[in-house]
């Protein structure tokens with residue numbers, strides 16, 4: 001039998017897992033973010049509106065995130081490695097099928113249903129496995145993995161525009177299918193890791209495997225409600241940032257540049273915020289509420305900007321959105337404990353799908369009604385601000401009234417934000433009181 005480690009190794013093979021999660025994120029969300037560049041060609045070819053083409057990304061996001069608990073449950077039962085490998089094959093087939101589409105319905109089925117189902121099997125298991133490999137540097141590792149989104153957008157946005165101009169949208173989708181197949185070897189790198197606090201055997205009940213019991217915890221329920229609202233606006237720029245830039249008269253490569261600079265700011269902020277969060281200077285729930293609010297304000301600025309100002313606004317949005325992303329997943333072990341982090345990751349993706357399904361089509365509808373995307377981005381920013389306000393109800397989201405003692409290190413199977421069973425927890429320097437004066 002393999003001996004069980006005392007806790008997450010905080011390195012070693014964990015960095016290989018981080019690299020695999022980096023690629024998984026880039027070939028899912030990064031690719032989806034750049035896909036909006038093809039929508040004007042699709043709308044023109046099928047003679048449909050922006051709202052109709054927006055349903056392609058909306059369905060892909062909704063299926064990916066709504067089915068993420070299924071990916072987490074399968075990963076809990078059979079391990080992340082085979083689940084992610086199968087998901088990579090499904091996502092690739094979705095792009096290949098879509099390249100031969102004769103109507104938007106075929107694109108809904110190919111990119112929305114088939115590719116979305118494949119992405120649902122790769123993202124949550126990969127990120128949940130990564131969280132199990134780290135403790136002290138967990139948010140930094142998650143932030144590093146999530147930079148795959150921005151790095152992929154930086155590379156794929158101009159590349160996709162070049163493919164569209166050279167091969168048309170059918171050839172571009174076929175080549176993207178070949179690129180997406182690289183998710184399969186990424187899954188092969190996700191070695192399983194046994195930790196204290198893991199159940200002695202995989203759950204047999206489907207409901208237990210999905211982790212629905214986590215909703216009985218007050219802190220996770222607050223987090224769930226806030227995240228669902230944030231999801232209503234967070235993914236609108238993934239779909240409509242490029243068309244918004246086109247509406248502002250920046251042209252094809254100008255729109256690609258807007259997407260690219262937002263991706264650069266996004267990627268850099270994920271690393272910096274991950275490092276900052278791991279220092280412990282500010283509690284994670286407080287950082288989550290702050291950067292969530294800044295993301296909402298950033299979308300307001302993007303919606304009101306024109307010309308070259310839109311480039312600066314895209315950078316500001318990218319910085320705030322990138323800072324928010326690693327915190328969403330980094331705070332989970334503190335809310336549910338390390339043993340439930342894979343299931344919690346899948347549930348978070350499902351919650352964001354509630355908004356992801358409605359946000360882009362609503363944005364497209366508002367664009368068709370008003371003639372531009374200004375109102376779309378203002379509404380999206382307002383939804384994110386509402387969710388950030390709800391995050392204030394999380395433990396440690398608000399400052400305490402008095403000085404707090406240095407944080408103790410909780411047992412690995414518990415989260416540091418869960419109620420402590422005793423007034424004293426063991427820390428590396430010995431017993432320390434965790435009592436604090438709170439408002």
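Heads up, the Cβ atoms here are built off N, Cα and C, so glycines get one too.
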- TrEMBL annotation of transmembrane segment - which of the ranges 80-100, 332-352, 395-415 it falls on: 80-100
- Query: In TrEMBL, which of 43-64, 373-394 is tagged transmembrane segment?
  - Reply: 373-394
- Query: Do any residues of this chain, six or more beyond the ends of the transmembrane segment (172-195), have a C-beta under 8 angstroms from a C-beta of it, and if so which?
  - Reply: 2, 4-5, 7-9, 13, 16-17, 19-21, 23-24, 27-28, 31, 38, 79-89, 91-96, 98-99, 115, 118, 122, 125-126, 129, 132-133, 160, 163-164, 338-339, 412-413
- Could you tell me the mean pLDDT over the domain 'Major facilitator superfamily (MFS) profile' (14-399), as a whole number? 87
- Message: If we skip the immediate neighbours and take only residues 6+ beyond the ends of the transmembrane segment (215-241), which ones have a Cβ under 8 Å from one of its Cβ atoms?
- Response: 29, 32-33, 35-36, 39, 50, 54, 57-58, 61, 65, 258-259, 262, 292, 295-296, 299, 302, 314, 317, 321, 324, 328, 331, 335-336, 344, 347-348, 351-356, 358-360, 363-364, 367, 373, 376-377, 379-384, 386-391, 393-395, 417-418
- Query: Counting only residues 6+ away from its ends, which parts of the chain sit with a Cβ under 8 Å from the transmembrane segment (139-160)?
  - Reply: 14-15, 18, 21-27, 29-31, 33-35, 37-38, 126-127, 130-131, 133, 172, 176, 242, 253, 256, 259-260, 262-268, 270-271, 273-275, 277-278, 284, 318, 322, 325-327, 329-330
